[in-house]
Structures are given as C-alpha cells and as structure tokens.
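Here Swiss-Prot flags LYS149, ARG213 as active site. Residues annotated as active site, O-(3'-phospho-DNA)-tyrosine intermediate in Swiss-Prot, with sequence analysis given as evidence: TYR245. Taken from Swiss-Prot, the feature domain 'Core-binding (CB)' covers 1-72, and the record attributes it to sequence analysis. For 85-248, the entry in Swiss-Prot reads domain 'Tyr recombinase', with the evidence type sequence analysis.
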Amino acid sequence: MKSYIEPFIASKALSQNSQKAYRYDLQQFCQLVGERVNQDKLLLYQNSIANLSLSAKKRKLSTANQFLYYLYQIKYLNSYFRLTDTMKVMRTEKQQAAIINTDIFYQKTPFVWGQLISLLILELGLTPSEVAGIEVANLDLSFQMLTLKTKKGVRVLPLSQILIPFLEQQLVGKEVYLFEHRGIPFSRQWFFNHLKTFVRSIGYEGLTAQKLREQFILKEKLAGKSIIELSDILGLKSPVTLEKYYKS
C-alpha cells in the first residue's frame, strides 16, 4: 500500500509543505495498517492518534480518509472504508454481487493451474483448502464424481462434463493429490499466486477465491436450490452465512 502514497500525492494540487505533511501522515498510517485494510487495523490506527490534539487528529483523519477513498477509486480496495470525526470506523460494502459471465474462464490459457483452481471453485463451490485436499483416488471421471473428505465430513459432488477435460489434463503423473509435487500438496501461497495470475490474465484482477465461490452460490440459488440444499452442497454446519443471499 505504501507504493500508492506518491501517486496519491501527485494526484492532488498541494504545496511543498502540504506534500511533506501528507507523506509523513500516510507513512505512519501504512506502517500501522499494513498492506491489508480491515476494521481491526483501522481501530489500531485510531488508538494510535487518540492522544493527539484535536487539530492534529482532524488532519490525520482527513489525510487517511482521502487516501482510503483514492485506494477505493483505483480498485486497490474492494470496499470503501472511512474514519469519522467521532473516531468510529465505517465500512460500506459495494453493491450486492451480481453473476458475471464466466465463459472466458474456460478458454485456452498458459496458466492452467490457476484456471483449474478457479473452475473447481466456480463449478463446485470449493474453498481453497478443499481444492488443495483433492486426492486422485477420490476423483472418478468415468462416473463424473468427486468424493471430498474434510474434517467436516464426506461430500460426494457431481462433476460437469465441461470440467472433465481440465481434470484429465492435470491428473497425468499425479501420485496422491491433484495439486502436488511428488506426492506433497502445494502451499496455500502457491494456490493464491496461481489463482491471482490466472484471473488477472483474463481481466478479472481482484477476483478472489471468496468471490468466485460467491458466484457459485448465486448461480445455485438462481437454479432453484433452497438455502438448506445449498448449505449441504457447500458442507456448511449451518445455513446462517447464506441468509444474506436469500433475503428478498
């Protein structure tokens, strides 16, 4: 996030002294908040300036809010965060998610690992950890089924015909896991990097595993699945987290 400080300052008509003040405040802000903005980190920043004078607080809040809005505008942040004068953190979500056209996800690409990860999430609603845990022995392409074994239990998921060729391609030479190196599953960071590279290559930068899973949820709901049915498909203990998608 620090790398955006200078472009942000350059986007504003500021005097030299104001530029120095902005730069100083934002460097402090980024040092405390880090690269990922969330409510807890903003509250940490709030506490760090709690004992300053009223004028200093207002200046730092104003600078931080302008920077947060800038990051939201350039789509570095998916949600708009704002610190208020009353020292409360307000978080405004974007519009409710809409179904996107996913045709491009199935087109030929050099980023085959990231493509398959994204398709398994889109087609089956899997989490990254569930994708990482897919074992070769539990994939039955003849009957188009995946038996998914997790700590929460066992789920048998149907595989669509369109997904089969992508799986066949990656199954060659695998010993234990679908995603592995000599029988050892890849790290969480490996999955994150490959997914990020693929979605960026097709023009969907910023589309996370969570958002891809949300696409599965939206499509299943549109197809007529009840909240209980969808909860079972996803392996959830309770349908509570799905309630927001079923509100009228």
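Each Cβ is built from the backbone N, Cα and C atoms, and glycine gets one as well.
Positions of the features from Swiss-Prot, shown on the structure.
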residue : record                                                : contacts (Cβ under 8 Å, 6+ apart)
LYS149  : active site                                           : GLY133, GLU135, ASN138
ARG213  : active site                                           : ILE121, GLY125, LEU126, THR127
TYR245  : active site, O-(3'-phospho-DNA)-tyrosine intermediate : ILE217, LEU218, LYS221, ILE227
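In the domain 'Core-binding (CB)' (1-72), the DSSP tally of helix, strand and coil residues is 56 helix, 0 strand, 16 coil.
LYS149 (active site) carries a strand DSSP state (E or B). Looking only at the domain 'Tyr recombinase' (85-248), the predicted model's pLDDT averages out at 89.
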